[in-house]
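Enquirer: Handing you a structure now.
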Amino acid sequence: EAEVAEVQAWWNSERFRLTKRPYTARDVVSLRGNLRQTYASNEMAKKLWRLLKNHQANGTASRTFGALDPVQVTQMAKHLDTIYVSGWQCSATHTTSNEPGPDLADYPYDTVPNKVEHLFFAQQYHDRKQKEERMRMSREERARTPYVDYLRPIIADGDTGFGGTTATVKLCKLFVERGAAGIHIEDQSSVTKKCGHMAGKVLVAISEHINRLVAARLQFDVMGVETVLVARTDAEAANLIQSNIDTRDHQFILGVTNPNLKGKSLATLMQQGMAAGKNGAELQALEDEWLSKAQLKTLSEAVVEAIERQNNIGEEEKRRKLNEWMHHSSYERCLSNEEGREIAEKLGVRNLFWDWDLPRTREGFYRFKGSVTASVVRGCAFSPHADVIWMETASPNVVECTEFSEGVRSKHPQMMLGYNLSPSFNWDASGMSDEQMKDFIPKIAKLGYVWQFITVGGLHSNALITSTFARDFANRGMLAYVERIQREERNNGVDTLAHQKWAGANYYDRYLKTVQGGVASTAAMGKGVTEEQFKESWTRSGAVNIDRGSIVVAKARM
């Protein structure tokens, strides 16, 4: 009973003031073992929560990008306050099966948790290394030497939860154990999962995604952690949905309005085509022709069109009926198909032909009309179960960001939002000026987007420097390395210039000397280490050519 009371008191804290749970504290305690454990990731989760709430209060945002490896994590730590671990990057560069591919979430489900552990171990190591180095300094030296917070909270990609409830629970357990301060889970089908900027995305019902979020929260509660939970929706651009079981989804499902197709489903037509030996382009042409005839509309669109066609009433009566219908069918009301038909009948729309089963795909999916409004409905539904809401978008659009923010925060005013500053967008084709691009992050931060991230920023930056350096190195040899890398590391204060020290040779020398009474003839950083060259002082003046133009290196000191 004492443990149940302890959990209840924890839930009553400010941290969970806005969180809704459909289970009890007793349920949580019953799922715990007798051996209580603590997790380092919980300290990072608390740190992340404080950080995001501070950004929310100030109208600012944590900006970050997907990190590939410890090199990127240590350099990011000097300038950014969170770290992102991208499923896309893991899928393309570092799966546990070592089989690369696109972001279809078909890699082993421990792939992203393992990458989190890789980076979290690196964070802790460089934190220890820095502490050892600073303890060797005098008070004055410490005051002059900038301190780097290497322990930046990691937010990781949980994709769709990787299956049913038990799969989601086990995935979340892995993330906590491996060091994630936060994770995000999206509302796509786990069977057909796609990158948020690919076509063919299939949503699950709102209720199914809520179950995923509840499963995640339950696992965090069982482990006694405050891991930040981000709910992502792909409803802005999705065109399919797995099920029509949730009435909140009904207003966005498309149906056939052409009565000539009554009894002629698309799935049956495609099956007949395959049986007749058609394939590829022929089947696509068959589907395209059927869809062009179907006149797909939402139920609301079909009812509006039917009212406008009523010729036996005056224009004033027609406007009255349209206004009444729009009142009943406003998106906040989440009108069900059955309720909509009843209201339409009362407005004189009888025998309306609208069929959402006829256009279902061969896999059985319903047609869905994606939009910001659909995302708002889902964002509002997910808000009681998540800490941050993220709408995936097709382009960087401040108007859409505003619409989503206002829609969600009209119902949940204290909800924090996230935004993907995706490299899948062609930012130069967005219509924004350079100044507008510069102001994009702070502008939407004021709308509540407290966490903003370039999902695969690490991959693109890595590819760019490798490609440009490799090309130059092939042509100019070591001069290319010295100009492009070594001098730039020195000029910008990048600590990998002395890579032995960066990797921790001094740190492990301390171990050797401590074990051997303060002296070790085999110390890695002893006399003869080539890194001593970087302590020599010299001056070099002159012009250095780098591709286009040149820079002047004056008094470049080692």
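Every residue number used here counts from 1 along the chain in the order it is shown.
Every residue gets a Cβ built from N, Cα and C, even glycine.
From Swiss-Prot, for reference:
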- SER86, GLY87, TRP88, GLY196, HIS197, ARG232, ASN420, LEU421, SER422, PRO423, SER424, THR455: substrate binding site (BINDING)
- ASP157: Mg(2+) binding site (BINDING)
- CYS195: active site, proton acceptor (ACT_SITE)
Enquirer: Can you tell me the CA-to-CA distance separating ASP157 (Mg(2+) binding site) and SER86 (substrate binding site), as a whole number of Å?
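Expert: Per the Cα atoms, ASP157 (Mg(2+) binding site) and SER86 (substrate binding site) stand 6 Å apart.
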Enquirer: According to DSSP, does ASN420 (substrate binding site) fall in a helix, a strand, or coil?
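Expert: Going by the DSSP assignment, ASN420 (substrate binding site) falls within a strand, counted as strand.
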Enquirer: If you count, for each of the binding-site residues SER86, ASN420, SER422, SER424, the other Cβ atoms lying within 10 Å of its Cβ, which residue has the minimum?
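Expert: Taking SER86, ASN420, SER422, SER424 as the binding-site residues, the minimal 10 Å Cβ count falls on SER424.
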Enquirer: When you measure from the Cβ of the residue listed as 'Mg(2+) binding site', how many other Cβ atoms are you left with inside 10 Å?
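Expert: Total other Cβ atoms inside 10 Å, all chains included: 28.
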Enquirer: Within 10 angstroms of the C-beta of TRP88 (substrate binding site), what count of other C-beta atoms is obtained when all protein chains are considered?
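Expert: There are 23 of them.
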